[in-house]
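If you check TrEMBL, you get these features:
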TRANSMEM  35-58  transmembrane segment
TRANSMEM  70-89  transmembrane segment
TRANSMEM  101-125  transmembrane segment
TRANSMEM  132-152  transmembrane segment
TRANSMEM  164-185  transmembrane segment
TRANSMEM  197-222  transmembrane segment
TRANSMEM  242-264  transmembrane segment
TRANSMEM  271-292  transmembrane segment
TRANSMEM  298-317  transmembrane segment
């Protein structure tokens, strides 16, 4: 059951990780200029999580008549709120980078978060590394580095060198910060003083996105984004109706990303969540080539191969580890039974 849940979360994460950057870039390509509004869309669809939470609550009421709607206790709520505010700041950094950089370049930089995730996971949650996981991190990082060979040719037209460099630095900062957030969520799971379930994970996701949205809403108010959204919609290159449709779809797709990311952490680890995000980089690159007519150099093909190699290396190592654990578990369960036999004979 947990493996099936892990697979579902990986698929949800894939939808958000590949679709989110493409939808956000589409907004900026056709006249969108509001960075705070774009960052707000990354978590603004948090009320969507209320629907599955309500469904789980109805099911829980059948077996537990006095069950509460929300399972989260105050310490976990406070921790989720703090991480949510950090996530909101990370959303702004990332949105600023996407506004200035092509999808291929921003995705490349974000893929470097895997190295930061691995480092912070080692420091915060004492993540144990095997030769296979180290190999996966190395290959995925090299795969991202290969893409850097042609980033200069992807620089947008009519953009100053200062804007490009600032967008680059903002995206690097977003990668570092999100590499810290993933292990921080795993640490919160381990330190939680209540039993974790997937229903509780959804509540954590909702609270994190709620406070991230509040953070971005304050930014929108300060930047006067609410006053110009209607005007920007009228001047949008794809039309006013498509402007609002794009905004809604972007918010929903990004919600898939965040739910999938913390779901993978719940089912496995923050390292695996970072690996899945990194391995999807070439997929985003290919989609950018298809939809935005970006160039597909040989380096992108090499990056795709290295990323898949690293991905399968990690799972091969996990399978071998699982096989080693099974005989040990069997021996531990059989040992007490074997020790009981002579005791019964002596008493006889």
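Numbering starts at 1 and runs along the chain as displayed.
Any Cβ shown, glycine's included, is placed from N, Cα and C.
Whatever TrEMBL says is automated annotation, not expert-curated.
Ranked by Cβ pairs under 8 Å to the transmembrane segment (271-292), the stretches 35-58, 70-89, 101-125, 164-185, 298-317 are led by 101-125.
Beyond its flanks by at least six residues, the transmembrane segment (35-58) meets 20, 24, 27-28, 67, 69-70, 84, 87-88, 91-92, 94-96, 98-99, 199, 202-203, 205-206, 208-210, 212-213, 216-217, 219-220, 223, 225, 229, 247-248, 250-252, 254-255, 258-259 of its own chain at Cβ-Cβ distances under 8 Å. Each of 70-89, 101-125, 164-185, 242-264, 298-317 was scored by its Cβ pairs under 8 Å to the transmembrane segment (197-222), and the highest score goes to 70-89. Through the fold, the transmembrane segment (242-264) approaches residues 5-6, 8-17, 19-20, 23-24, 26-27, 32, 41-46, 48-49, 87, 182, 185, 198, 201-202, 204-205, 208-209, 232-233, 236, 272-273, 276-277 of its own chain, all at least 6 residues removed from its boundaries and within a Cβ separation under 8 Å. Note on the transmembrane segment (164-185): residues 83, 86-87, 89-90, 93-94, 96-101, 105-106, 109-117, 119-121, 123-125, 127, 155-156, 204, 261-262, 265, 270, 273-274 of its chain, located 6 or more positions outside it, place their CB under 8 angstroms from a CB of the stretch. Sequence-distant contacts of the transmembrane segment (70-89), counting only residues of its own chain at least 6 positions beyond either end whose CB sits under 8 Å from a CB of the stretch, comprise 39, 43, 53, 177, 180-181, 184-185, 188, 191-194, 197, 199-200, 203-204, 207-216, 258.
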